Amino acid sequence: MSRLCGGVRFSSCTPKVCIVGSGPAGFYTAQHLLKTHQNVHVDIYERLPVPFGLVRFGVAPDHPEVKNVINTFTQTAKHSRCRFYGNVNVGKDVSVGELKQAYHAVVLSYGAEGNRSMGVPGEGLAGVYSAKDFVGWYNGHPSCREVFTLNPDLNCETAVILGQGNVALDVARVLLSPIDILKKTDITQPALEALVRSQIRRVLIVGRRGPVQVACTIKELREMVNLPGTKSEMVEADFDGVTEALKDLPRPRKRLTELLLKTALDTPGDKEQQRRHQASRTWGFRFFRSPSEVLADADGNKTVGIRLAVTRLEGSGEGARAVLTGEVEDVTCGLVISSIGYKSHPIDPSVPFDTRRAVIPNTMGRVKQATGLYCSGWLKTGPTGVIATTMNNSFDTARSLVEDMESEALDLSSVKTGSEVISALLEERGVKSVSFSDWEKIDSVEMSRGEASGKPREKILTVEEMIQVART
């Protein structure tokens, strides 16, 4: 079936799609659209002057191999039918309604920038940080530039991390890694200097359930087990009954649990014994514990410890639920990092949003009751999985969009001007966008600064300086 689109046949029509957010979800959605539809034009809008989202600001500095996806994203950004507009804050500089008028479809892929609250007394004390902010600090997120001006207490001996996922282990590893390792990464200079001075010698990674439910992957656990200069410190009783449960576990979970058991309970060989004897720092999981209060010093300002409620499990396997026993224990520490999850925020009052689940209600990426509006990534599913998970969920959204174009569920009958009208609006409002070639100037400056100090790059830490370099 052929139809007219602004006076021309559909086959020569140009569907205009805009994507809000340039992290993995945004780029994978764009990549799939460009690959599967020969005419579509895609514009990517990003709040910051720099692209790549959590690949730049979330991936640990000592995981450069994970950042290789940037090469693929760069190819997408340089595609003849794709444009990048950085330094554009959708919801503030331009509304979703205005984007919907300018484009045939709008895909929201702006991720999860909020923190889940612990909801316990003392959460606001000095020395308590979300993992998102802590990771943003050592990875150079501009919004975290001021996080540690109040003198972070890395002078304490013990840090407690709440949560046992990969992000929690990233934070633990950065806190305990030898400086010789960190100084060869793209960790920010202020963070590196603070870690050089750090007195932290012990990191406890706390979870409310047991070893069989631990949320990290085997790769991250293995890195902790083999981290130079450290040894593990576990509570043997936490592993009661775990050996018996092994036979019923699926293979990936079984391998992870076996490594945990070996680390916690096996008698080390001579070589490992020597390595542990030489270790100056320790780390360990604490299972069946849930935060109930962050403890303050005599002045009521600063963290000196955390009260943990002891739990037990009801049920078994992945579905087991932690219930309180009524017992508590206090742990002395000067730093508490909450790694219990990220959450998305609504971007615009016109966009449906499920405040309880902190996602946009959708079916296969189609926003419910909002034709022409789509979502991908964590905004679609909640903050779960790794980059490959986000890739698959973003491809699914792109497939839904292409299906809607082909089935005519998406109205392509009117010519849309896309970035033409949006760029004019932004200019009227005094907003100067950053192009991908502008980003490449920033990239080049960062890499040359890094080269001077033996690092892959030295990140620019403020939006102001990013824009200044882009305009040079």
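Cβ coordinates are placed from backbone N, Cα and C, and glycine is handled just like the others.
Feature annotation from TrEMBL assigns domain 'FAD/NAD(P)-binding' to 16-176. The feature FAD binding site is assigned by TrEMBL to ALA25, GLU46, LEU54, VAL90, TRP378, GLY385, VAL386, ILE387. The NADP(+) binding site annotation in TrEMBL covers GLN164, GLY165, ASN166, VAL167, ARG208, ARG209, GLU220, GLY385.
Cβ-based crowding with a 10 Å cutoff singles out GLN164 as the top-ranked of the binding-site residues GLN164, ASN166. When the C-alpha distances from GLY165 (NADP(+) binding site) to the binding-site residues ALA25, GLU46, TRP378, GLY385, ILE387 are tabulated, the minimum falls on GLY385. Within the set of binding-site residues VAL90, TRP378, GLY385, the entry lying nearest in space to GLU220 (NADP(+) binding site) is GLY385 (CA atoms). Cβ neighbour count for ARG208 (NADP(+) binding site): 23 (other Cβ atoms within 10 Å of its Cβ, all protein chains included). Of the listed binding-site residues GLU46, GLU220, the Cβ environment within 10 Å is emptiest of other Cβ atoms at GLU220.
Each of the binding-site residues GLY165, GLY385 was scored by how many other Cβ atoms lie within 10 Å of its Cβ, and the smallest score goes to GLY385.
The candidate set comprises the binding-site residues ALA25, VAL167. Of these, ALA25 has the most other Cβ atoms within 10 Å. A mean pLDDT of 94 is what the model gives for the domain 'FAD/NAD(P)-binding' (16-176). The closest partner of ARG208 (NADP(+) binding site) among the binding-site residues, by CA position, is TRP378; the full candidate set was ALA25, LEU54, TRP378, ILE387.
In this structure the C-alpha atoms belonging to VAL90 (FAD binding site) and ARG209 (NADP(+) binding site) are separated by 39 Å.
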